[in-house]
Amino acid sequence: GKYLSLEDVAELVRPSPLTLRTVQKWLLAAGARNCQSVTTQDFLTCWLSVRQAELLLSGAEFHRYVGGPAEIHVIRSPRPYKLPKALAPHVDFVGGLHRFPPTSSLRQRPEPQVSGTVGLHLGVTPSVIRQRYNLTAQDVGSGTTNNSQACAQFLEQYFHESDLAEFMRLFGGKFAHQASVARVVGQQGRGRAGIEASLDVEYLMSAGANISTWVYSSPGRHESQEPFLQWLLLLSNESALPHVHTVSYGDDEDSLSSVYIHRVNTELMKAAARGLTLLFASGDSGAGCWSVSGRHQFRPSFPASSPYVTTVGGTSFQNPFRVTSEIVDYISGGGFSNVFPQPSYQEEAVAQFLSSSPHLPPSSYFNASGRAYPDVAALSDGYWVVSNSVPIPWVSGTSASTPVFGGVLSLINEHRILNGHPPLGFLNPRLYQQRGAGLFDVTHGCHESCLNEEVQGQGFCSGPGWDPVTGWGTPNFPALLKTLINP
């Protein structure tokens, strides 16, 4: 429970005066204007014309691209850039040049067929979640602490306050809750609500009920910005932040440059050092699949594969219409990083899985010594969401399980704060040390992967203890509270 303040982190990471001078001189000479830094002084955001940017970044050639269902406009360079030799040691990367915004993988699944209707529920709602994870009507925020939680959205999506109010009217009658968001960081667009944005807010605020909630909203984005980077910059610029952040966002590891992925990972490490709990969705493609020089391999996702975040996989009810035990949701993202080595906190759990799993895929498909994920899981299948005033059923994805797990951790923080303890902070070392105590172990089912003869669409399978499909399992609130309440 002992963490650094933003000022402490700034002392550790602030660039040298030489670096600051060299980079500023280079930018000014190119005509960059309006450059803004952050408290830690290790990021600069500048405005340049395309012409200036092409002169500054040798080799870059900018074009306007339009894509995605929302017809998003971005300016990107299909060609790599070079920095002058004198600058290379001072700059990690230049953002907003190559990467295109990812699209949402949230899906609405067909409704399962049902026979007989006694004692059934028709999809996942807050009361179903609260029943399954043993949250009583008393398990809500006290309203007397400075506890807070946040979700972040980067997909050009907005939530509407009226949707949240309607969702709570329909589904929040049995527990104390807040019907509006405490703070929106970034501009809320005027466009239609996105299902993903609606889902994040509605379920973070009904699992972490009656706790002050912030939403980081990516504004109707400027053509060259990367909303995920903007969010990291916001974290580096605020000294008082919510304790728990849930993020439904990811990219294939192999689509990111090495300098970018390592620098973003450093930002996530800085957040962990400050005692922020960052929860990321594990992704909705199972183990993933891609072909490397003709051979198939699984395809890990980042930031899910960062050692400094807690990654959340997905489960389904064994019977989709009853509150039963959980099995693997076949889309639940999981696997092994090809970039980050396995952190020491999980070595024992991973070794146990690799030596005991009866259904391991061929070893050429994954890097057994990489950071393995997810760490935990929650229901990701069959949610009700209110979006644009309409209740929508059967929404599925780890974008649903992540805010639910985040809300549960916020409730535990509430108890810790009331007892005079600091919030949980970076959770992973403790999760693994306690070997999944307080979680329901998910032991049945496998997730999807490459559709070829060798693995036939099957990735890893869950089993007793930790596994790269559902991590240590899903929350059993009273038991989890008991294991995490004390420092």
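Cβ atoms here come from the backbone N, Cα and C positions, even for glycine.
Positions annotated as domain 'Peptidase S53' by TrEMBL: 123-487. In the predicted model, the domain 'Peptidase S53' (123-487) has a mean pLDDT of 92.
The active site, charge relay system annotation in TrEMBL covers GLU196 (among others). All protein chains included, GLU196 (active site, charge relay system) registers 24 other Cβ atoms within 10 Å of its own Cβ.
The feature active site, charge relay system is assigned by TrEMBL to ASP200 (among others). Sequence-distant neighbours of ASP200 (active site, charge relay system) (same chain, six or more apart, CB under 8 Å from its CB) are CYS151, GLN153, PHE159, VAL215, THR246, SER248, SER399, THR402, PRO403, listed in sequence order.
Positions annotated as active site, charge relay system by TrEMBL: SER399 (among others). Every protein chain considered, the tally of other Cβ atoms within 10 Å of the Cβ of SER399 (active site, charge relay system) stands at 33.
Counting Cβ atoms from all protein chains shown, VAL442 (Ca(2+) binding site) has 27 others lying within 10 Å of its own Cβ. Marked as Ca(2+) binding site by TrEMBL: ASP441, VAL442, GLY465, ASP467.
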I'd like to know which of these binding-site residues, ASP441, ASP467, is least surrounded, judged by other CB atoms within 10 A.
ASP441
Rounded to an integer, what is the Cα-Cα distance in Å between ASP467 (Ca(2+) binding site) and GLU196 (active site, charge relay system)?
27
Write out, in the order they occur in the sequence, the residues of the chain not among ASP441, VAL442, GLY465, ASP467 that have a C-beta within 8 Å of the mean position of the C-beta atoms of the recorded Ca(2+) site.
GLY436, THR443, SER462, GLY463, PRO464, TRP466, THR470, GLY471, TRP472, GLY473
Between GLU196 (active site, charge relay system) and VAL442 (Ca(2+) binding site), the C-alpha gap once rounded to whole angstrom
25
Might you list, by sequence position, any residue in that chain lying six or more from GLY465 (Ca(2+) binding site) with a Cβ less than 8 Å away from its Cβ?
ALA349, GLN352, PHE353, ARG435, GLY436, ASP441, TRP472
